[in-house]
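Trainee: When I checked Swiss-Prot for this same protein, it listed these features:
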TOPO_DOM  26-244  topological domain 'Extracellular'
CARBOHYD  ASN32  N-linked glycosylation site
CARBOHYD  ASN104  N-linked glycosylation site
BINDING   TYR121, SER180, TYR181, THR226  histamine binding site
DISULFID  CYS160-CYS174  disulfide bond
CARBOHYD  ASN173  N-linked glycosylation site
BINDING   TYR181, THR226  4-aminobutanoate binding site
TRANSMEM  245-266  transmembrane segment
TRANSMEM  270-292  transmembrane segment
TRANSMEM  304-326  transmembrane segment
TOPO_DOM  327-489  topological domain 'Cytoplasmic'
MOD_RES   TYR441  phosphotyrosine
TRANSMEM  490-511  transmembrane segment
Amino acid sequence: MWRVRKRGYFGIWSFPLIIAAVCAQSVNDPSNMSLVKETVDRLLKGYDIRLRPDFGGPPVAVGMNIDIASIDMVSEVNMDYTLTMYFQQAWRDKRLSYNVIPLNLTLDNRVADQLWVPDTYFLNDKKSFVHGVTVKNRMIRLHPDGTVLYGLRITTTAACMMDLRRYPLDEQNCTLEIESYGYTTDDIEFYWRGDDNAVTGVTKIELPQFSIVDYKLITKKVVFSTGSYPRLSLSFKLKRNIGYFILQTYMPSILITILSWVSFWINYDASAARVALGITTVLTMTTINTHLRETLPKIPYVKAIDMYLMGCFVFVFMALLEYALVNYIFFGRGPQRQKKAAEKAANANNEKMRLDVNKMFYKDIKQNGTQYRSLWDPTGDLSPTRRTTNYDFSLYTMDPHENILLSTLEIKNEMATSEAVMGLGDPRSTMLAYDASSIQYRKAGLPRHSFGRNALERHVAQKKSRLRRRASQLKITIPDLTDVNAIDRWSRIFFPVVFSFFNIVYWLYYVN
């Protein structure tokens, strides 16, 4: 009894399998190929490619799947990306349903030219093509219920408008817009087959400069002047990998900036070495900047990498200007200031010497209503006048104080400016009288050497010694005010500290 029931159940469940096997065998059987041919001919006979399925009825629902093979290139210059994919569309066309053969019919790709297919296009497409090796990569598969599966292998270059303000620390959203070109939502509808699983292969993609962080599937309708159209969007979120730029741009810029600071340790009088180093680093930074601009589009705003390279260029250029300042102070401004200070001190000392000499050798005296200028030496050490001066006192008298009164003074030999009593070129050294008739000169009892040559020489020697001391002091103190070594020492600290602060602010701002 049990065996009979068991055999009965087995016969019921195995019947469809037997029918399918028989049908498959009949289809593959060359003698039954005529049945398949008749079925296809019947489907295509009288088929009007000009009319959509269910014309005049509800809109055709077209489901789409995408299997991404690769993303070949993302170009910042052209603002686009290249995508290779297997693009599949499925819809139901009752005119293509059949029940004679319970199997799917995969037909030659040329049959697609005889069937109605959706007028799908990529809205942001720049250039696309269907692969044709070894034959045109198209597939048509018919199901018994009239479902049509239409597959293509396509490579498309789609526009992707990028915001490069944070380049190369940026994230970009690139989309693929799929839309019907002629049919409105009254005739056709688009949807993603399998919902979130409609797009596959994203996780397997590896890009040299980007990582795919996420992707989204969007279904919407857009309205134009000609009507409302269905649209599907596939949006990729791409994050740029910074490793390449650290090795190719950031690290060379940092090292070149640090290299420019080596000039602070080179002696300030080594002009050739410091100037050559500064100019080399400036030109290298310019080359890096130029190469980077060639790989990016000409956009009106400043990018993150532009800010960094501009900062490095400023530091390199300032290092070169630092030596220009040092060179000017050491070889230009410093000696000029020393020379001016020395001249000013010498003029002040000469003026003071004149005043001291006048006070020492001339004394105004007024006696008996007559004003005299007396030549005297407070030290008491008098010396005879220079031999180059020859006086002839033709008339003289003695006053009660034993001073010689000269009524006539004849100077036989004119005194040169350089042969004056003080050697200062003062014309007053030859004028001994306030009035035209008499001069009080010296006491008669004093010897001829009372004109003080030794005292004058000692006084001049003291002034010269004092001037030398002041000049030596100037020579020591002036470089302290503009010390080139101090500028280099401060630069060794200032430049690295400010550059480190610049890097901290830059990376905190752009990374976060």
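Here the Cβ of each residue, glycine as well, is placed from N, Cα and C on the backbone.
Surface or core, plus neighbours and distances: that's what I need for these features.
Mentor: Around ASN104 (N-linked glycosylation site), the same-chain residues six or more apart in sequence whose CB sits under 8 Å from its CB are ARG141, LEU142, HIS143, PRO144, listed in sequence order.
Note: TYR121 (histamine binding site) has non-local neighbours ILE178, GLU179, SER180, TYR181, i.e. same-chain residues 6+ apart with C-beta under 8 A of its own C-beta.
DSSP assigns CYS160 (disulfide bond) to coil in the three-state reduction, outside any helix or strand. Around CYS160 (disulfide bond), taking its Cβ as the centre, 21 other Cβ atoms fall within 10 Å, counting all chains.
Counting every protein chain shown, 15 other Cβ atoms lie within 10 Å of the Cβ of ASN173 (N-linked glycosylation site).
Secondary structure at THR226 (histamine binding site), taken from DSSP and collapsed to helix, strand or coil, is coil.
Counting only same-chain residues 6+ beyond the ends of the transmembrane segment (245-266), those with a CB under 8 A from a CB of the stretch are 168, 273-274, 277-278, 281, 284-285, 288, 292, 305, 308-309, 312, 315-316, 319-320, 322-323, 488, 491-492, 495-496, 499, 503.
Beyond its flanks by at least six residues, the transmembrane segment (304-326) meets 165-170, 245, 249-250, 253-254, 256-257, 260-261, 263-264, 268, 274-275, 278-279, 281-282, 285-286, 288-289, 292, 484, 487-488, 491, 495, 498-499, 502, 506, 510 of its own chain at Cβ-Cβ distances under 8 Å.
Tertiary neighbourhood of the transmembrane segment (490-511): same-chain residues 166, 169, 254, 257-258, 261, 264-265, 304, 307-308, 311, 315, 318-319, 322, selected by CB-CB distance under 8 Å and a gap of 6+ residues from either end.
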Trainee: Residue list, the transmembrane segment (270-292) vs rest of chain: Cβ under 8 Å, 6 or more residues beyond ends.
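Mentor: Those are 249, 252-253, 256-257, 259-260, 262-263, 305, 309, 312-313, 316-317, 319-320, 323, 327, in sequence order.
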Trainee: CYS174 (disulfide bond) to THR226 (histamine binding site): how many Å between their Cα atoms?
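Mentor: The Cα atom of CYS174 (disulfide bond) is 27 Å away from the Cα atom of THR226 (histamine binding site).
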Trainee: Taking 10 A as the limit, how many CB atoms besides its own sit near the CB of TYR181 (histamine binding site)?
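Mentor: For TYR181 (histamine binding site), the count of other Cβ atoms within 10 Å is 10.
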Trainee: Using the alpha carbons only, what distance in Å do you get between CYS160 (disulfide bond) and ASN173 (N-linked glycosylation site) once rounded?
Mentor: 8
Trainee: Once TYR121, SER180, TYR181, THR226 are set aside, which residues in the chain still have Cβ within 8 Å of the Cβ centroid of the histamine site?
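Mentor: Going along the sequence, the neighbours come out as ASP119, GLU179, GLY182, TYR183, TYR229.
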Trainee: Quick one: mean pLDDT on the topological domain 'Cytoplasmic' (327-489)?
Mentor: 54
Trainee: Only counting partners 6 or more residues apart, tell me which same-chain residues put their Cβ under 8 Å from the Cβ of THR226 (histamine binding site).
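Mentor: Looking at Cβ-Cβ distances below 8 Å from THR226 (histamine binding site), excluding near sequence neighbours, one finds THR184.
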